[in-house]
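J.: Would you mind keeping the following structure in view while I ask a few things?
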Amino acid sequence: MQKQEKSFGIQMLSVQPDTKPKGCAGCNRKIKDRYLLKALDKYWHEDCLKCACCDCRLGEVGSTLYTKANLILCRRDYLRLFGVTGNCAACSKLIPAFEMVMRAKDNVYHLDCFACQLCNQRFCVGDKFFLKNNMILCQTDYEEGLMKEGYTPQVR
């Protein structure tokens, strides 16, 4: 079975004064504004190209729209309705498909749950972390664990 969801680009074009006005695919009126949007091989008023769920103006929220089941959607609503959800490896609670996550190997985490599972130190971008026995560890706890096991890590 073929998938029916697709993402499409949105272009903002300036209307040339010497061209015949184009018809809007949303309201069927002529576009006399200074700018128009082109998406799905059709032309739109900026106010007419909206998400079917939240009514946000798609030209303002990004350069991509999504379609499925004859709906035109923003990324957030597309993922909310049709995205794959999963569970956080730390707290086991559901992670909505539209939420930002952290990944370590095959594990997925809420941003708030991505912390050392021994001392609860949160990680910042660029911080070193270790995944041992499916646990996220900070460098200090990882090295202490290695010393308890009888060998010291090599620093390079």
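Note that Cβ sites are derived from N, Cα and C of the backbone, with glycine treated the same way.
For reference, TrEMBL lists these features for the protein:
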DOMAIN    22-84  domain 'LIM zinc-binding'
DOMAIN    86-148  domain 'LIM zinc-binding'
J.: Please list the DSSP helix, strand and coil residue counts for the domain 'LIM zinc-binding' (22-84).
T.: 12 helix, 20 strand, 31 coil
J.: For the domain 'LIM zinc-binding' (22-84), what's the model's average pLDDT?
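T.: Taking every residue of the domain 'LIM zinc-binding' (22-84) together, the mean pLDDT is 89.
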J.: Going by DSSP assignments with H, G and I as helix and E and B as strand, what are the residue counts for the domain 'LIM zinc-binding' (86-148)?
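T.: Helix/strand/coil tally for the domain 'LIM zinc-binding' (86-148): 10 helix, 22 strand, 31 coil.
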